[in-house]
Amino acid sequence: MYRSHFIADVTPEYDGKEVIWAGWVHLLRDLGGKKFIILRDKTGLGQVVVDKNSSAFGISQELTQESVIQVRGIVKADKRAPRGIELHAEEITLLSKAKAPLPLDVSGKVKADIDTRLRERVLDLRRQEMQAVIKIQSLALKAFRETLYKEGFIEIFTPKIIASATEGGAQLFPVIYFGKEAFLAQSPQLYKELMAGVVERVFEVAPAWRAEESDTPFHLAEFISMDVEMAFADYNDVMQLLEKILHNIVKTIKEEGKEELKILNYEPPEVKIPIKRLKYTEAIEILRSKGYNIKFGDDIGTPELRILNEELKEDLYFIVDWPSDARPFYTKSKSENPELSESFDLIYKFLEIVSGSTRNHKREVLEEALKKKGLKPESFEFFLKWFDYGMPPHAGFGMGLARLMVMLTGIQSVKEIVPFPRDKKRLTP
């Protein structure tokens with residue numbers, strides 16, 4: 001047995017009892033003939049005291065920062081110590097000695113730039129701030145799944161090696177598939193639509209890939225996509241579902257991630273339901289009134305979104321009813337005005353974190369939409385053929401996990417948030 005208790009589980013009530021801790025040497029200090037070890041495990045930090053006359057003192061002299069040790073000792077309640085207790089070591093076992101000096105200071109006393117942090121990533125991830133990010137992400141995914149399970153959704157897994165582009169775009173990574181050209185999936189879009197035509201309500205959490213040329217704090221070549229598709233629904237239905245999901249995610253993190261938020265010194269924004277809905281045409285008018293030369297059909301970029309954020313005075317808002325020509329072929333146009341689509345983006349301040357729409361569920365409409373986009377319907381026959389056999393009206397959305405984490409942690413770069421980011425410059429670690 002390597003440990004009897006995690007550090008955070010030992011309280012002053014354990015005074016006088018023997019416990020075994022295991023973890024990493026976070027900090028070392030010599031003071032008045034005693035050795036103080038700040039030990040770290042997944043639950044936090046704890047103080048170990050090694051007296052000079054202890055049999056453990058000799059080995060404590062060999063320890064380096066980030067060495068992995070096991071400590072058997074007696075708990076002593078002490079209000080001055082972290083968590084109100086310290087462990088007086090009777091035996092220390094060195095399980096793995098770390099090289100010295102470290103290429104990156106895990107304690108955070110010496111700051112490192114982002115390139116150093118990404119190069120020495122595993123040490124960087126051991127920092128308390130990064131462990132807090134990892135734990136908050138886990139809580140977000142837990143709340144996402146729990147909300148959808150309660151709403152009757154089924155978790156699915158779709159192919160990640162595909163024959164053609166999901167949206168007809170050029171940002172594809174080609175792979176050789178048994179002598180044929182195939183691609184890494186940009187999105188589970190087409191397959192999740194087909195699955196909505198099977199079990200009605202589906203979701204997936206999985207990686208997706210885009211040959212992303214943009215070198216910004218918010219773009220990656222590989223990312224985790226949180227996808228939802230819902231039969232017998234339109235874009236208003238899935239926006240309401242998304243509001244519920246986000247509300248539950250933030251609530252879960254505030255309730256179960258208090259320590260992590262404290263470490264990050266951050267509080268996620270409240271999700272006020274209903275989230276404000278701004279029509280695309282209204283957004284264009286606001287931007288024109290601010291001197292922007294923007295015309296119908298233009299995208300709304302980051303500078304423009306910053307202006308909208310200032311004007312609306314809302315951290316979270318939907319931009320709805322985008323021009324049909326600006327959306328993918330599977331997006332349904334509004335019946336009363338085909339120039340507009342039943343679509344939405346959810347914006348956090350100036351960052352798009354979710355995109356969704358009502359989908360086209362009739363084959364002939366899809367074929368026309370493909371042709372209009374300059375795509376060949378025959379290239380999508382694997383998808384279109386199933387619309388001959390009763391495809392229900394449906395709607396859905398995709399949410400980028402790393403971008404959602406910007407909102408949940410306050411960290412302004414997805415490259416810092418993702419444990420091992422992939423962009424144009426990085427393929428390792």
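Each position is counted from 1, following the chain as shown.
The backbone N, Cα and C atoms fix where each Cβ goes, glycine too.
Annotated in Swiss-Prot:
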SITE      PRO82  site 'Important for tRNA non-discrimination'
BINDING   GLU167, ARG210, SER355, ARG359  L-aspartate binding site
REGION    189-192  region 'Aspartate'
BINDING   ARG210, ALA211, GLU212, GLU352, GLY400, LEU401, ALA402, ARG403  ATP binding site
BINDING   GLU352, SER355  Mg(2+) 2 binding site
BINDING   GLU352  Mg(2+) 3 binding site
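Comparing Cα positions, GLU212 (ATP binding site) lies closest to SER355 out of the recorded positions PRO82, SER355, ARG359. Its Cβ placed at the centre, GLU212 (ATP binding site) has 16 other Cβ atoms within 10 Å. Ranked by how many other Cβ atoms sit within 10 Å of their Cβ, the binding-site residues ALA211, LEU401 place ALA211 at the bottom.
Neighbours of GLY400 (ATP binding site) among the recorded positions PRO82, ARG210, ARG359, defined as a Cα within 10 Å of its Cα, are absent: none qualifies.
Separation of the C-alpha atoms of ARG210 (L-aspartate binding site) and PRO82 (site 'Important for tRNA non-discrimination'): 45 Å, rounded to the nearest whole number.
The DSSP breakdown of the region 'Aspartate' (189-192), given as helix, strand and coil counts, is 4 helix, 0 strand, 0 coil. Neighbour counts of Cβ atoms within 10 Å were compared for the binding-site residues ARG210, ARG359, ARG403, and the top value is held by ARG359. Local packing around the Cβ, expressed as the count of other Cβ atoms within 10 angstroms, is greatest for GLY400 among the recorded positions PRO82, GLU352, GLY400. Here the region 'Aspartate' (189-192) returns a mean pLDDT of 97 for the predicted model.
Within the same chain, the residues at least 6 positions away from SER355 (L-aspartate binding site) whose Cβ sits under 8 Å from its Cβ are SER343, PHE344, ASP345, LEU346, PHE397, GLY398, listed in sequence order. A C-beta separation below 8 Å, combined with a sequence spacing of at least six in one chain, links ALA402 (ATP binding site) to LEU220, PHE223, ILE224, VAL414, ILE417, VAL418.
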